[in-house]
Amino acid sequence: MLSPTLELACDLIRRPSVTPVDAGCQELMMARLANVGFALEQMRIENVDNFWASHGGNDGPVLCFAGHTDVVPTGPLQAWNIPPFDAFIDDQGMLHGRGAADMKGSLAAMLVAAERFVVDYPDHRGSVAFLITSDEEGPAHHGTKAVVERLVARQQRLDWCIVGEPSSTTLVGDIVKNGRRGSLGATLTLRGVQGHVAYPHLAKNPIHLLAPALAELVSEHWDSGNAFFPPTSFQVSNLNSGTGATNVIPGELVAVFNFRFSTESTVESLKSRVAEILDKHSLDWHIDWALSGLPFLTEPGALLDAVASSIKAVTGRDTQASTSGGTSDGRFIATMGTQVVELGPVNATIHQVNECILASDLDVLTEIYYETLIKLLA
């Protein structure tokens with residue numbers, strides 16, 4: 001017989017909610033929350049489903065569980081050992097399915113923990129809340145970001161937030177994320193002069209022109225990081241040039257690169273230093289910048305302490321706080337002045353074919369969430 005958390009996780013996994021489609025996941029969650037007295041607010045924005053739910057009074061702190069019902073595409077179905085939306089638990093106790101780790105397992109654990117908490121502590125202090133979206137794995141324009149804008153506009157208080165991203169690496173709770181690096185992308189267009197390869201003196205080869213500047217960008221020491229963040233990194237992901245002909249010097253080159261930056265650098269400082277390097281090499285260039293998110297950090301305090309002590313109480317393990325990895329919706333919530341911690345299952349197979357987690361980990365995660373609720377709001 002499956003636990004309540006595993007039953008719900010399987011029900012959610014069986015709904016093929018590839019971004020931005022929700023496939024009824026939120027309806028299921030909202031119905032469960034309504035049954036234990038949560039006030040619900042649906043926020044469909046463009047083609048994205050979102051909801052905000054809360055239980056408790058207007059006074060006191062607010063602890064929010066945040067997450068997403070959408071999943072990434074499955075990839076080739078024939079590569080899966082078990083169909084990705086079957087939610088199958090094998091003989092080794094592994095739960096298979098797209099979203100098992102990222103992050104329908106977390107959603108189930110959050111919801112079951114919250115149900116239990118409001119029944120056990122009906123007069124709890126403050127509020128328990130949920131912020132759920134179907135657009136985290138995609139563009140993320142009309143999901144958490146847009147909901148946060150509405151919450152800010154009406155001066156909604158949000159003290160603490162647990163995001164259910166799969167933070168663990170080997171054992172559930174061994175790692176929590178107490179921040180994330182910022183992400184700044186750029187598309188650089190470098191203009192040269194097209195010509196014949198036999199007459200280079202009549203052309204300007206943008207590939208040759210960029211090479212020394214690119215070498216300098218790659219070797220640049222952007223910052224040294226700090227106690228919470230590694231040094232800022234610069235990575236080139238795409239270089240495109242050429243006409244397709246072997247005897248033509250191209251007239252243009254496009255390079256795509258990305259900064260993952262710490263709190264030791266700013267968007268403006270990075271932009272300025274890139275411009276300085278390009279100008280030093282007398283290049284004819286243009287950059288389109290795209291900021292995906294600013295770095296954020298939750299330092300030791302009420303939320304991080306409660307999560308860490310709950311992990312210790314349930315598992316006997318000391319957790320480690322980390323800011324490594326990619327961006328998450330926590331970056332939007334942190335703009336509210338909220339303490340944000342990410343805690344979820346083991347992330348070894350996220351976004352992969354044959355995504356799976358140890359099924360019993362979800363029951364452990366439920367207990368950790370429940371203990372955290374008690375420590376903060378009971």
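Here the Cβ of each residue, glycine as well, is placed from N, Cα and C on the backbone.
Swiss-Prot lists H68, D102, E165 with the feature Zn(2+) 1 binding site. Positions annotated as active site by Swiss-Prot, on the basis of sequence analysis: D70. Positions annotated as Zn(2+) 2 binding site by Swiss-Prot: D102, E137, H351. Per Swiss-Prot, active site, proton acceptor is recorded for E136.
Listed in chain order, the extra residues whose Cβ falls within 8 Å of the Cβ center of the Zn(2+) 1 site residues H68, D102, E165 are G67, M103, S106, E136, E137, V163, G164, P166, S328, G344, I350. In this structure, D102 (Zn(2+) 1 binding site) is part of a helix by DSSP.
Across the structure, H68 (Zn(2+) 1 binding site) and the residue listed as 'active site, proton acceptor' place their CA atoms 6 angstrom apart. Neighbour counts of Cβ atoms within 10 Å were taken for the binding-site residues H68, H351; the minimum is at H351.
Straight-line distance linking the Cα atoms of H351 (Zn(2+) 2 binding site) and D102 (Zn(2+) 1 binding site), rounded to a whole number, equals 8 Å. Report note: the Zn(2+) 2 site is defined by D102, E137, H351, and the residues of the same chain whose CB lies within 8 Å of the CB centroid of those residues, excluding them, are V71, V72, G99, M103, I350. If you take the Cα of D70 (active site) and the Cα of E165 (Zn(2+) 1 binding site), they are about 12 angstrom apart, rounded to a whole number. Cβ contacts within 10 Å of E137 (Zn(2+) 2 binding site), excluding its own Cβ and spanning all protein chains shown: 21. Between the C-alpha atoms of E165 (Zn(2+) 1 binding site) and the residue listed as 'active site, proton acceptor', the distance comes to 11 Å.
Rounded to the nearest whole angstrom, the C-alpha distance between E136 (active site, proton acceptor) and D102 (Zn(2+) 1 binding site) is 11. In sequence order, V71, V72, E165, P166, G344, N347, I350, H351, E355 are the residues of the chain that are 6 or more apart from D102 (Zn(2+) 1 binding site) and have a CB within less than 8 Å of its CB. Counting other CB atoms no more than 10 Å from each candidate's CB, the active-site residues D70, E136 peak at E136. For E165 (Zn(2+) 1 binding site), other Cβ atoms within 10 Å of its Cβ number 28.
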